[in-house]
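**Q** Quick one: this structure, given as structure tokens, is what I'll be asking you about.
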């Protein structure tokens, strides 16, 4: 740990993930697009000063700005480049040796009459070794020359970014006869001299020449792929250029997945208030606990004296007041949120980029499936989609999604399309579960709505405050929240049609179907009318919830991606409950769902449909085209899975308690992964134990699962306190919550004004 500055790690250490992906030690590198590079370097002047290796780096750098650039021009001369759209100037100046000419050029920039470049990238040595046949006198002269240049570079470093590129090793077996004197031993001697002399007069100064030594590590792994043994292959040069771009641009552009060279973000006003609240909760809890324990001991001692010191076989524990329980929950939550902040906002723990391999995704999948099958138990009831079965379904899906995220499998399109079905299946369960509850119970009371909304949103609201992130950032919770409200509004609005009413008159079933058709029409209209959708969610204060990066496009995209699946869940629940009511299905233990012939036919169709979808998803070539079809076809695999899981009586009568346990905390797992399992808002991986990837995953996963489980318990406890059953008390709580969110909006407006 070297404080906030991770640039030193970026410039000096790292390793390859696979063949081409470079992973800096402790931090994440962002891959800059040309538009981002132009925004960062607007009105900047960059100079590359040196030999043919520096010229290669120059070309790789300008190709980030303009990928169409070709490597043309005089190899042993100056090469200018300018992008007029961004007013970016990048020059290569041919100075193959560290000598008087290079010194004169650098000195001219230190004088007031000449404009200084914003970035200077310099380096040279191999020409000196070659021209002087690797003599010791040449090394001595190099030391003298770099000693004369060092103070000038250090002076420039006060106003510009100055980088000295150390010499990369060579592949001696491939060198031509004219370059045989360039040995790795000589290169190491020149590099050692440069490192020792540069910054020697400014050891304690913040303005230093940045020594770019990481290229040596990159070259050691890739120089054998060189065409001549001296110059790096193109992929290695591109990596060096991207490192340079990260060193300079990350502090300006602040990319989420570029944690290298980014300072810790300052605490906002809301974060400071949250910190004070949790601190007071922790202090208050300990004070009240001490008072209660002292009172209990006094009462106990008095009772013992009254009965002559006779000891009772059982001892009653002190009663826990609502206030103490509330403070206890906030005390635990405060400690957990501190861990969240330290993991993903403070530069305390390391972060690394993801790197996908088939083995990193499929081996853990096989492992958890074996574990899940091992923990098989009988269900309490054998109905279709009973509670144990839905918990199991949510559990294994969540584990697969977690492995998908940590392995970076989104880059592999067939896996991405199958994961999209799992997300759709969650929403299908939302439609199925809430429709079934309202249809059977007929309970449209405020208490039920508040309970659901609190359990869904409590953790996300706290994270929005503590981690300074918008509500829409945790996209899945807004999605299920809005769909819950849509289901509630559809069924609660006049005329309220529930199962009890429909049993008396079959015409009510048609009334409900008419409601569902109207809902489908609204969904269809909004999905093909982006303007209307954006107008609905752009009204204040709704816009504060659904905007991301200043607009609601991301929210529209997320909603549109699974727009029909909740409706499919509601329709399936209606059909299933109707079949159940008319005793057209058999749900006894061990009995097939239908008659043997019908069950076999449906089972065959389901398996074929399931495999057909998987074949289609695996043959996807274009993510955009497949996403367009996904909303209409994802239900095929979902229904196929439900039928395969429920038609055979034995399969319906058992469940995996392992998966069901995770299913009960699936929402907390999905949200917590953003900050304490993954890192940089899911773009990278949290590293608690550097150097041991497997051990790090085991430790971070254990903590992550424990925290998610604890937060689930805290949410359940707080739901009982914050959302009481008594309507008058509930109304008062709702007014307090409205006041809280009004205050949050006010402080948010103050924050935005102070930033402006």
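Cβ atoms here come from the backbone N, Cα and C positions, even for glycine.
The domain 'NXPE C-terminal' annotation in TrEMBL covers 22-71. Residues or ranges marked as domain 'Cas1p 10 TM acyl transferase' by TrEMBL: 253-734. Feature annotation from TrEMBL assigns transmembrane segment to 269-291, 325-343, 355-375, 396-417, 452-468, 474-494, 506-526, 561-579, 600-617, 659-679, 685-709, 730-750.
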**Q** Per the 3+ Cβ pairs under 8 Å rule, pairs at least 6 apart in sequence, do the transmembrane segment (685-709) and the transmembrane segment (659-679) touch?
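**A** Result for the transmembrane segment (685-709) with the transmembrane segment (659-679) is yes.
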**Q** Quick one: do the transmembrane segment (396-417) and the transmembrane segment (506-526) have at least 3 Cβ pairs under 8 Å, skipping pairs fewer than 6 apart in sequence?
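**A** By the criterion, they do not touch.
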**Q** Using a Cβ-Cβ cut-off of under 8 Å, list the residues of the same chain that are 6+ residues beyond the ends of the transmembrane segment (355-375) and lie near it.
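**A** Cβ under 8 Å, 6 or more out: 17-18, 21, 23, 392, 395-396, 399-400, 403-404, 407-409, 411-412, 415, 656-659.
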**Q** Determine how many residues of the domain 'NXPE C-terminal' (22-71) DSSP places in helix, in strand and in coil.
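**A** Computed counts for the domain 'NXPE C-terminal' (22-71) are 22 helix, 9 strand, 19 coil.
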**Q** Which listed stretch (269-291, 452-468, 506-526) has the most C-beta pairs under 8 A with the transmembrane segment (659-679)?
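**A** Between the stretches 269-291, 452-468, 506-526, 452-468 has the largest tally.
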**Q** Residue list, the transmembrane segment (561-579) vs rest of chain: Cβ under 8 Å, 6 or more residues beyond ends.
**A** 384-385, 420, 423-425, 427-433, 435-436, 439-440, 479, 483, 486-487, 490, 499, 509, 512-513, 516, 519-520, 523, 526-527, 585, 627, 630-632, 634-635, 638-639, 642
**Q** Report, as numbers and ranges, which residues of the same chain sit near the transmembrane segment (325-343): CB under 8 Å and 6 or more residues beyond its ends.
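**A** Tertiary neighbours of the transmembrane segment (325-343) are 274, 277-279, 281-282, 284-286, 288, 349, 462-463, 466-467, 675-676, 679, 686, 703, 707, 710-711, 714, 717-718, 721.
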**Q** By Cβ distance under 8 Å, which residues at least 6 away from the ends of the transmembrane segment (269-291) in the same chain are close to it?
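**A** Here the qualifying positions are 321, 323-324, 327-328, 330-331, 333-335, 337-338, 465-466, 468, 744, 747-748, 750-751, 754.
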